[in-house]
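Here's the structure we're looking at; comments come further down.
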Amino acid sequence: MNLPPKTYIIEAEEAKSMAKSKNLTLPQLLPSLIKSAQNLANPPISNFAVGVVGLTSDGRIFFGGNIEFPGLPLHHTIHGEQFFITNLAAHAAGAKLLYLAVSAAPCGHCRQFFQELRGISDTQIVITDQPQENPDYKPFSSILPHPFGPFDLLDENTPLILEKHNNQLTLKDGNFIIQDEKMCDLPNGFSDLNAKNEEFFKTEASAAARGSHAPPKDGNFINQDENTFDLSNGFCKLIAKNKEFLKSEALAAARGSHAPYSGCPSGVALMDCEGKVYKGSYMESAAYNPSMMPVQAALVAYMVAGGGGYEKIVAAVVVEKEGVVVRQEDTARLVLKHLSPKCGACVGPTVFLSKGGIIRKEGGCV
Amino acid sequence: MNLPPKTYIIEAEEAKSMAKSKNLTLPQLLPSLIKSAQNLANPPISNFAVGVVGLTSDGRIFFGGNIEFPGLPLHHTIHGEQFFITNLAAHAAGAKLLYLAVSAAPCGHCRQFFQELRGISDTQIVITDQPQENPDYKPFSSILPHPFGPFDLLDENTPLILEKHNNQLTLKDGNFIIQDEKMCDLPNGFSDLNAKNEEFFKTEASAAARGSHAPPKDGNFINQDENTFDLSNGFCKLIAKNKEFLKSEALAAARGSHAPYSGCPSGVALMDCEGKVYKGSYMESAAYNPSMMPVQAALVAYMVAGGGGYEKIVAAVVVEKEGVVVRQEDTARLVLKHLSPKCEFRVVYCN
């Protein structure tokens, strides 16, 4: 199967023609895509590459691979299945997961995390490294009988992953201007904002790029065409320009966050050295520990969008409620400081409060 | 079942007589102990108390309850089953887990962590909140079919939890004196050291307790009966006296650490305001994320030994290898700073 090297999503039309050309049904196509999925993995600790491919009710195919982080404790690991679910959550809101192929038996942690998808019991799964030649699909319930799940703790009407979340959050930062008031009307709460702001983005990125490497002629920090170079990575000005957008993306991610167990939604937005912004939502598990941390979710978005190398991440914003029972700030800071040391030095995760809190702190250019 | 309020272990003799008095077999006894297990839980976030009770091949009964930490991310949560396994690992080295009762269906994270016990597929499990009146035991394999486990990554001879680990570790700290060279010969690597040092311990703790709350009369930091008060918690002198023991306990815990996937064993020792030391070993899962962090493991030891309140933890030592692929230091510091802000925190590297 000759897919481009890093394929994370196949749209419905292409999926259909791919299947047709191989004389397969869409479900039958998935196992043939497993090797491509494994190529997305980056597991330098275990060298055990896990590939995940799934088919949604709207005919699209999504991919996931496991990501390990040398130097961090193992609970920061992104499993292939979690990568897959995060990819799904960002792009397939409103759809259902019908078929799933995995390169190896999912671990219990992942079988648990899948419970956050309504109706997962009926999703058909095939494990492609099984001894038999052509392993069959079987219902997901068969690999986690008598599960512990969301409805052991929540009312059945509570939205789960892929369903619309209604986190009513506003930033307490007085200078913040919401770019698009409508951004909460979408199922996942955020994907339209990126498109609307793309022009804004390009303008800003070009402005920064046009700047020469000469220091400003006078002391005033005004000229759009200049980069200031207070920082070794040179991105101070770019970050300042995009600060509002970074915050709005992190807020959008927090609004789409699945956190019904703690009531502590959270979002992270990352900016790379080209000024592009990627965001991820915190997604909880009924079993708590398998929850997907927001930095990791944003890193998935970064990888899915073709971002390259953690050192290119130059700014990050974390949005969460202040002083609540589950707090991401310190852990997010720990992870980002480790993956992209200059990111922390420049702006640092900037935490803003929503609904009833106060602005706690804001990193500045150092 | 009238057990003392916080029972974490029932010895074989007592378990036998308990069962006899109720005219039950030992396996049949376990479900009746579930409520006691749930009383060990401290889940202020979910208010969902999970109790776990298990019977080992040497006839002992172990307990576990879930512990949640408001203010920390959810991955710091200790599940009832993980508490149970940590309790087991500290006290039942060499034994096998035969029967297990849980108050609710174990989550996938825990079903995964149990894979670190060799032969878990055959362990009999009963879930006591099931609809039927008297739910039956069934093999653990039935709740995690086709599991992902240790031997998907490791050679079958690699020691698992409850089996002797051979982490050859020594501290890089030149001043360190190993109290007992033999402490690595025990299956779990450390439980005998505690007994040997108990006398030393009592002496030291009494010495500290004898000290009045008056500052030293002169500048010299010598007198055994004085507490210095450089720190607001007043335990500076006690910590200094017990510093070597804290380090040796953390090293012992690291030596008993189950870390075959990363090759990064780690141990944590905590000291409370009475000078008592509790230790816990880092225990990995084949699936990585369900791994039991060493601070959490030490907190389990603290609770099992009857320790009360995190704020009474005044000193902590983390032992791990320096600059390796999996590092506990920053996360351990984050957790302890949150639970006991005045706690003195040290990392000692080993190789």
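First residue shown is number 1, and so on along the chain.
Cβ from N, Cα, C; glycine included.
All TrEMBL annotations are machine predictions without curation.
Keep in mind that what you see is a predicted model, and the values were worked out from it rather than measured.
Per TrEMBL, the feature domain 'CMP/dCMP-type deaminase' maps to B:25-151 (among others).
What TrEMBL records for B:Asn66, B:Ile67, B:Glu68 is substrate binding site. The C-beta environment of B:Asn66 (substrate binding site), restricted to residues of the same chain at least 6 apart in sequence and closer than 8 Å, consists of B:Ala41, B:Asn42, B:Pro43, B:Phe48, B:Ala49, B:Val50, B:Thr77, B:Ile78, B:His79, B:Gly80, B:Phe83.
Taken from TrEMBL, the feature Zn(2+) binding site applies to B:His79, B:Cys107, B:Cys110. Spatially close to B:Cys110 (Zn(2+) binding site) yet at least six residues away along the chain are B:His79, B:Gly80, B:Glu81, B:Gln82, B:Pro290, judged by Cβ distances under 8 angstroms.
B:Glu81 (active site, proton donor) falls within a helix when secondary structure is assigned with DSSP. The annotation active site, proton donor is assigned in TrEMBL to B:Glu81.
What TrEMBL lists as domain 'CMP/dCMP-type deaminase' is B:241-351 (among others).
Within the same chain, residues at least 6 positions away in sequence whose Cβ sits under 8 Å from that of B:Cys107 (Zn(2+) binding site) are B:His79. Chain A has no C-beta under 8 angstroms from the C-beta of any of the recorded positions B:Asn66, B:Ile67, B:Glu81. Regional average pLDDT for the domain 'CMP/dCMP-type deaminase' (B:241-351) in the model is 94. B:Glu68 (substrate binding site) has a Cβ environment of 22 other Cβ atoms inside 10 Å. Least packed by the Cβ count within 10 Å, out of the binding-site residues B:Ile67, B:His79, is B:Ile67. Each residue in B:Ala41, B:Asn42, B:Pro43, B:Ile45, B:Val50, B:Gly65, B:Phe69, B:Thr77, B:Ile78, B:His79, B:Gly80, B:Phe83 lies on the same chain as B:Asn66, B:Ile67, B:Glu68 and has a C-beta within 8 Å of the C-beta centroid of that substrate site, without being one of the site residues. Taking all protein chains in view, 24 other C-beta atoms sit within 10 angstroms of the C-beta of B:Glu81 (active site, proton donor).
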